[in-house]
Amino acid sequence: MGTATFKGGIHTYEGKELTQDKQTKVLMPKGELVYPMSQHIGAPAKSIVAKGDYVLMGQKIGEADGAISANVISAVSGTVKAVEPRLTSSGLMVESVIIENDNLYKPIEGLGEKRDYAKLSKEQIRSIIKESGIVGLGGAAFPTQVKLTPGDDSKIDTVIINAAECEPYLTSDYRMMLEEPEKIMNGLKIILKLFPNAKGIIGIEDNKPEAIKKLTELVNGEDKIEIKALKTKYPQGGERQLVYAVTGRKLNSTILPYQVGCVVNNVDTAIAIYMAVAESTPLMRRIVTVAGDAVKEPGNFNVKTGTNFREVLEAAGGLTEEPEKMISGGPMMGQALFSLDIPVSKTTSALLCFTKDYVADMEPSSCIRCGRCGYACPAQIIPQKMYICSQNNDAEGFIKLDGMECCECGCCTYVCPAKLSLTQSFRQMKRSILESRKK
Amino acid sequence: MNKLLNVSASPHTRSFATTTTIMQDVAIALVPASLFGIYNFGLRALLVILTCIATCLLTECVYEMAMKKPITTGDFSAVVTGLLLALNMPVSIPLWIPALGSIFAILVVKMLFGGVGQNFMNPALAARCFLLISFAGRMTDFTVSAVGASASSFDYVKSGAIALDGVSGATPLAALKAGETVSLLDMFLGNTGGTIGETSVIAILVGAVYLLIKKVISFRIPVAYLASFAVFVVLFGGKGLDTNFLLAHVCGGGLLLGAFFMATDYATSPITRKGQVVFGVLLGLLTAIFRIFGASAEGVSYAIIICNMLVPLIEKLTYPKAFGKETKANG
Ligand code: SF4
Ligand code: SF4
């Protein structure tokens, strides 16, 4: 069986064995819940509650502001304690609604009501998704309803569910595939309802045979849905790599999937869509993998959005010893944390704690021109050359080398024997170029 | 939690390969050729090797101390340079010549251009060419002064002589040029004249396979090099498809050592995949031209040095097309 893949990429230590066989546990928050108004790409939501207001579980507390924005939903009932800037995993202070949980979980009307999605119109489906505050849960956090509204529905011929989960350590998507495969399938069917000419493909890395088996059983009899095994390789779940592996179509930095007839959604996004459309439940939870050698009992947790990271760590038994490094998300693209006093947001995929930061112990040396960075680069550009441009602040040269095609996957930095911070320098370079273009 | 957490940019994980582990791998891969050299040419070969390595390390260390730069001798790249230079020396060479070559390689070719990765010519080869020009006679003196069977190893060392049966003075290439045939078996085992490290085909190939398996080098440069060389020899060598002639040419002289260990030098070969193929093909052509039409029998070193200088141009012309660059949006 040929497994689909792309050129470049890396094989890392996977670290998934720590948590992949652990049943997801539901975590009930104890303290206050924090809802940043910006948990997505695009304009921040506007808070529509004020201090002292009482909110219900499932109630909208932040309203999408503009075309590309997303609602924010409270996962508990309780009183609004404050609306003020709070620290988020990005390291920035973001305007947030803080709710004192009354532990009653009083729902808004109609929460959890079953709906027959077969009877809903496309408009109804889209507006439910929009209302439910769903964003791409794979990490990009692009508002899902916008993604599902490409303009001409008939031009979409492939709906891809991204079940690659290529980041090391992360197993939250995998657990969902084992625990709630029907919801994924139904989520996909709902998306397919929007695109009459499309067929659905679920792409899974071949290091997850259990998940492939489970989903394949469910596909039985569906002629519009297909499971595709993908080679286990980072960044197989990157949008450009995935679309290529599944359809052979190549995206670049200026082309979005819908422009080549594809719509891509993450596994958990498909579940969120199903929950919203068929079970009237907006996006209020997140599956979080807690792992790393500093964690006592690594596992996966079903966490209400807004829950403090400390509580999540506690749920995993706390720390074995003082960590040197903590990361929100995976080790390849996640965010290093300097405080655990931050809330779980819609896109929090993991909390990783390590006793040793061996990256910090690696001294960078000179580039030896070994070429490894170029072989690993999925964008098929030459990081070694781009690095020279970025060191010299040569924006023009950087653009000429197609530096803007860098998707910041981190592969080049990972393989570089000279331990140069290639990705980081490209990130900065790209940002400054994009900023100067705006002016 | 009161320890200061490390906050750095992603990725937060790295591979364990470092400059040092890679250079160590190259050094390890040169061990078979070195051992064969010592076995074939006697202990004096070891002395030449040690001289080169020690001088290279010392030069780098002294230079960096003088310039108040961090000392990088631990990264093994100077060891590799020294080893390669030694393997390109005839065994009878007076020791001050390889020592001088080592200083030239490290000081002039490597350090003055900024150290590891910055040099545009392969230090060992540049040094060899420098020595060839300066001391042509000694550098190509593969004749062996006979030492009696009773002589001790110490005598070999002192007299710079080798006395193993079957090692003839003439190199296979010189023999070919003179129209003689050579024994392929001897070449395989290294029972021929030549520099310390170039004579044994088997030893070189063992090291090459190690580098390929360890992914330190790719097959692109050596295969393109050897293939284009072979094609050219068949077309213009004057012997047509004479396998003995062809194999003798491929296996003789510094070609294999050059193709696997020197043409693949990171700093001085193209970084683009296509560029590596172009580079290999050019090397094959140049080497064949030098060998067939040139005055000397050997041409590998000059071919590589010349192509080293074309690397920036080759890289410019073969910069890859970014993934999906040609795709047009349709909707
Ligand atoms: S991987 Fe690092 S050392 Fe190798 S060419 Fe790229 S930047 Fe240079
Ligand atoms: S971070 Fe950018 S340059 Fe580096 S491998 Fe990924 S896409 Fe290529």
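The backbone N, Cα and C atoms fix where each Cβ goes, glycine too.
If you check TrEMBL, you get these features:
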| type | residues | note |
| --- | --- | --- |
| MOD_RES | B:Thr171 | FMN phosphoryl threonine |
| TRANSMEM | B:21-39 | transmembrane segment |
| TRANSMEM | B:45-63 | transmembrane segment |
| TRANSMEM | B:93-113 | transmembrane segment |
| TRANSMEM | B:125-149 | transmembrane segment |
| TRANSMEM | B:193-212 | transmembrane segment |
| TRANSMEM | B:219-238 | transmembrane segment |
| TRANSMEM | B:244-263 | transmembrane segment |
| TRANSMEM | B:275-294 | transmembrane segment |
| TRANSMEM | B:300-319 | transmembrane segment |
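Tertiary proximity for the transmembrane segment (B:21-39) is limited to same-chain residues at least six positions away from its ends with a CB under 8 Å from its CB atoms, namely 45-46, 49, 75-77, 79-80, 83-84, 86-87, 91, 190, 196-200, 202-204, 206-208, 210-211, 214, 216, 257, 261.
Where the transmembrane segment (B:275-294) meets the stretches B:45-63, B:193-212, B:219-238, B:244-263, B:300-319, the count of C-beta pairs under 8 angstroms peaks at B:219-238. Other C-beta atoms found within 10 angstroms of the C-beta of B:Thr171 (FMN phosphoryl threonine) number 24, with every protein chain shown included.
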